[in-house]
Structures are given as structure tokens and as C-alpha cells.
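Beneath this line is the structure, given in C-alpha cells, with notes to follow.
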Amino acid sequence: MPKLAVVLLVLLILPLSYFDAAGGQVVQGDRRGNGLARYLQRGDRDVRECQVNTPGSSWGKCCMTRMCGTMCCARSGCTCVYHWRRGHGCSCPG
């Protein structure tokens, strides 16, 4: 398969299911301001924190654990700390 075809295939498949290793999930609410909040209150969803990508956007990222900057912490019980020159990161006990 030519390189261009492989790249295009990856670009088509990648956005379909965007989950990171720490339990982050991209969700789409509705166009109203509290769409993500209403989405999370339905069913058995147990998401701790959400962040809308851009103001007025209906897309956002939600974490099953604590959100630190733009990433999800690896497990619950972590705190978000600032590391000089490296930015925000998760500090987890034990």
C-alpha cells in the first residue's frame, strides 16, 4: 500500500474512537451551553470532569479521573501540580 494511502487511512480511522490510556473520552454535547452536563447526567456515566474544546463548541473532553490541563490523570486520587518548565502534570500517591 502506498504511503499516502496508509496516512489517509490512519487519518480517517483515528478520529472515530478517541480514547486515551487514562480514561479520557471525547464527547459531543448539544449546541446549548450545558449540553455536556446533560450528557453526563444520562444513564450510568461516571465522568468526573469535562472541558469544552473552544467556547461555543459542542465538543469536549471528559475524564473518568481528575483532569489536569488538557490530559486525564492515570488514576483517581491524583492532584494536579505545576512543574517548572514542564507545565501541569498529575501527582499520584504511592
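Cβ atoms here come from the backbone N, Cα and C positions, even for glycine.
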Ask   = Do you know which of Cys63, Cys78, Cys80 Swiss-Prot records in a disulfide with Cys72?
value = Cys63
Remark   = Filtering Pro15, Pro55 by Swiss-Prot annotation 4-hydroxyproline leaves Pro55
Task = Pick out which of Cys62, Cys68, Cys92 Swiss-Prot lists as the disulfide partner of Cys80.
result = Cys68
Query = Among Cys62, Cys73, which cysteine is annotated in Swiss-Prot as forming a disulphide with Cys90?
reply = Cys73
